[in-house]
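Read the structure below first, then the notes.
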Amino acid sequence: MPTTTWNRHHILSLADFTTTEYNTVLQTAASFQEVLSRRTKKVPTLQGQVVANLFFESSTRTRSSFELAAKRLSADTLNFAAATSSMTKGETILDTAKTYLAMGTDIMVVRHREAGVPNAIAAEMDRLGVKVGVLNAGDGQHEHPSQALLDLFTICTLIDPASPRLELLKGKKIAIVGDILHSRVARSNIWSLIASGAEVHLAAPPTLLPKLFAEYILEEAGVKNQQFIISSSPTPHSPLPTPQLFLHWQLEPALQNADFVMTLRLQKERMTAHLLPSLREYHQLFGITRTKLQLCKPNVKVLHPGPVNRGVEISSELMDDPEFSLIQSQVTSGVAVRMALLYLLGSGKA
Ligand code: NCD
């Protein structure tokens, strides 16, 4: 395991993650990936510790992956699902969290449909002066740090399996395509990719990628001397020599010579207005297909956090094509990356 000290008590956002922290996560995940390739895939690292999965919103892969990660580290796991909990009797979120605290929980993995809930639980734990680490497993449209970290790990291990590290992405062109406005995955990915020195190209229809959103992203990131441009031409240009974040209201300029394409699910449950004429038109204009990938570098790879609307944001055929699709390896990487995150939050107590 890497010996770097880890000072973060909670993992709530990637907006202020440092290069050292990214590299610690990547190297730690690589060690656990090795553990997961052994015949006995379990280590005693978190023996005696309790990891509670507090999922107030639906999930398949994130919840299962955190649960498996905790079990592989020999922690005891508690699973909570809002629909079958005392919340249906009026118990509040913080009282629910304190119930799990009273049972000796060491790490809380929290997902909620409203942004800020993991932060509120973390603040309450800090106020109580207890050493409980809170991990954001997706909050509203805000952030999904573990997803972006597993995306980063998937890409970096593809480039250098022996030594995944942030700098491997420097200068790579990465397109993030789809429902950026509603996507917590996109927000977390923007922070990690900008930190890596990659060129990040966002592509969506204007309704799903408003200009104000880009201004907010840059302001929140505190990115100095970076420039974003809205391009409607196939050859975007910028007044700055090394711009890092580009916005496109068309797909083609984002795909041109891209090394990686991250597709996003249309978050129909978060849309409050009719933002698209039809799913068919959306697929025609922004759906990723093998034909459209011809604009990219020849060895381009495609990612998707899942769950997928097959035939909408990505063609069914491309999704299942192992030559281009990294979707299954993202899921596999998720376990090692989440083991790393639980280890880093929990090891201080071990
Ligand atoms: C994402 C999520 O829930 O934010 N999925 C995931 O965690 N694997 C993306 C999505 O729901 O589209």
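Cβ atoms are placed via backbone N, Cα and C, with glycine included.
Since this is a predicted model, take the numbers as computed values, not measurements.
Feature annotations, reproduced from TrEMBL:
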- 10-155: domain 'Aspartate/ornithine carbamoyltransferase carbamoyl-P binding' (DOMAIN)
- Arg61, Thr62, Arg111, His144, Gln147, Gly306, Pro307: carbamoyl phosphate binding site (BINDING)
- Lys89, Arg184, Arg265: L-aspartate binding site (BINDING)
- 170-345: domain 'Aspartate/ornithine carbamoyltransferase Asp/Orn-binding' (DOMAIN)
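Annotated features, which come from TrEMBL, shown on the structure.
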residue: Arg61; record: carbamoyl phosphate binding site; DSSP (3 states): helix
residue: Lys89; record: L-aspartate binding site; DSSP (3 states): helix
residue: Arg111; record: carbamoyl phosphate binding site; DSSP (3 states): strand
residue: His144; record: carbamoyl phosphate binding site; DSSP (3 states): coil
residue: Arg184; record: L-aspartate binding site; DSSP (3 states): helix
residue: Arg265; record: L-aspartate binding site; DSSP (3 states): coil
residue: Gly306; record: carbamoyl phosphate binding site; DSSP (3 states): coil
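Within 10 Å of Arg184 (L-aspartate binding site), counting CA to CA, the binding-site residues Thr62, His144, Pro307 contribute His144. For the pair Pro307 (carbamoyl phosphate binding site) and Arg265 (L-aspartate binding site), the C-alpha distance works out to 7 angstrom. Of the listed binding-site residues, namely Arg61, Arg111, Arg184, the sparsest CB environment within 10 A is found at Arg61. With the fewest other C-beta atoms within 10 Å around its C-beta, Lys89 stands out among the binding-site residues Lys89, His144, Arg265. Taking the Cα atom of each, Lys89 (L-aspartate binding site) and Thr62 (carbamoyl phosphate binding site) are about 26 angstrom apart. For His144 (carbamoyl phosphate binding site) paired with Arg265 (L-aspartate binding site), the C-alpha to C-alpha distance reads 14 Å. In the domain 'Aspartate/ornithine carbamoyltransferase carbamoyl-P binding' (10-155), helix, strand and coil residues by DSSP number 70 helix, 27 strand, 49 coil. If you average pLDDT over the domain 'Aspartate/ornithine carbamoyltransferase Asp/Orn-binding' (170-345) in this model, you get 87.
The most densely surrounded of the binding-site residues Gly306, Pro307 is Gly306 (count of other Cβ atoms within 10 A of its Cβ).
What surrounds the carbamoyl phosphate site, by Cβ distance within 8 Å of the Cβ centroid and not counting Arg61, Thr62, Arg111, His144, Gln147, Gly306, Pro307, is the set Ser59, Thr60, Ala137, Gly138, Val185, Pro305 from the same chain.
You'll find the Cα of Arg265 (L-aspartate binding site) roughly 7 Å from the Cα of Gly306 (carbamoyl phosphate binding site).
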